[in-house]
Amino acid sequence: MPVKNRFAELLPEITAWRRDFHENPELDYAVHRTAGRVAELLRSFGLDEVVEGIGRTGVVGVIKGRSNTSGRVIGLRADMDALPIHEKTGAEYASKTPGVMHACGHDGHTAMLLGAAKYLAETRNFDGTAVVIFQPAEEGGAGGLAMVQDGLVDRWGIQEFYGMHNMPGYPVGAFAIREGAMMAAADQFEITVTGKGGHAAKPHETIDTTLVAAHIIVALQSIVSRNVDPLKSGVVSVCVVQTDSTAHNVIPQVVMLKGTARTLDPEVRDQIEERVREVAAHTAAAFGARAEVEYERGYPITMNHPEATGHAAEVARQIAGDVNMDMLPLMAGEDFSYMLNERPGAYIFLGNGDTAMVHHPAYDFDDNAIPAGSSWYAGMAEARMPIQG
Ligand SMILES: [Zn+2]
Ligand SMILES: [Zn+2]
């Protein structure tokens, strides 16, 4: 199963869909035009079922194979949302909406999965059911979770999930994957430090909240370096420091710190949460101040299941001739993790060539990656549900 010839034929059509999505990017759950277009195209391909409004604006399409003796149901997932970035690609199909841009290539993912759906509906060369899933709000809104909570898994009886993301810096059409943690858990915290404000020239009559907050910021950096096993990994970043003083001579009453914690291991995730709470509270206490910690768990760790990783890599190998099985995990988050928490599956990277990194205003999805990407989606359905006999 090299790149399917059909996708070379379909390339101009799939590219046109992709560029149309690129020109009309939408944010978060408000992907109304995109989802409408996806549903319209799926219906035109003659799918067995197309349902809109799953997880608010998600779309689900069902394609029945030529036979169904296996009873298998394979879920293939793409994301549809864009980012609040002002595009600077200069492309003729650049965003028509100022300040909104497909800077993560979800336009490409959606178009490639549409291409696979068209091919699978034409050929139905598998024994079971393929479910194509188009989710909103990957960029922070947890659209993947919304679809799961809306009954995605049970309503269609999905048994395995496969997802894909493009990757700048890797050759176009090359694949990379790893078993286990592929993307990080992305948690966030907010620490409210309360001291005793006052005149900056009379520090002895205050509890200097700014100084306490500074000690907390420094102490938080000991968590990864001194508490986490050096052979494991974690990130603690304090990104916002905000005092309630606007004057150079007023010691603030309250200082707010905001930050993020990234981990690839559930135990390290628990450990970092516990230590952020302890370090903040006790450092504040040492100065006679108080620290309240709100710690919010975000996207889970994207865990590639061992067997499914093998299946995903095998299909990729047949398309590209080779696959990098030792890709290093990324500390960014990915909400396909909510689907992988429900059922086995895997998430693979597809090279996007020498382009700007995702989330950069000059980033663009490379349409030359489409045949490989669509072949992989379609290949996953065929390989996991082979025709018997
Ligand atoms: Zn992104
Ligand atoms: Zn993305």
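Cβ coordinates are placed from backbone N, Cα and C, and glycine is handled just like the others.
Taken from TrEMBL as is:
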type	residues	note
BINDING	Cys104, His106, Glu139, His165, His359	Mn(2+) binding site
DOMAIN	188-284	domain 'Peptidase M20 dimerisation'
Among His106, His165, His359, the one of these binding-site residues whose Cβ has the fewest neighbouring Cβ atoms within 10 Å: His359
Fewest-neighbour residue among binding-site residues, criterion Cβ within 10 Å, set Cys104, Glu139: Glu139
Entries of Cys104, Glu139, His359 (binding-site residues) sitting next to ligand 2, with Cβ under 6 Å as the cut-off: Cys104
Residues flanking the Mn(2+) site, with Cβ no more than 8 Å from the Cβ centroid of Cys104, His106, Glu139, His165, His359 and excluding those residues themselves: Asp79, Asp81, Leu83, Ala103, Gly105, Glu138, Val358
Secondary structure content of the domain 'Peptidase M20 dimerisation' (188-284), with strand meaning DSSP E or B: 41 helix, 33 strand, 23 coil
His106 (Mn(2+) binding site) - helix vs strand vs coil (DSSP): helix
Rounded mean pLDDT for the residues that make up the domain 'Peptidase M20 dimerisation' (188-284): 98
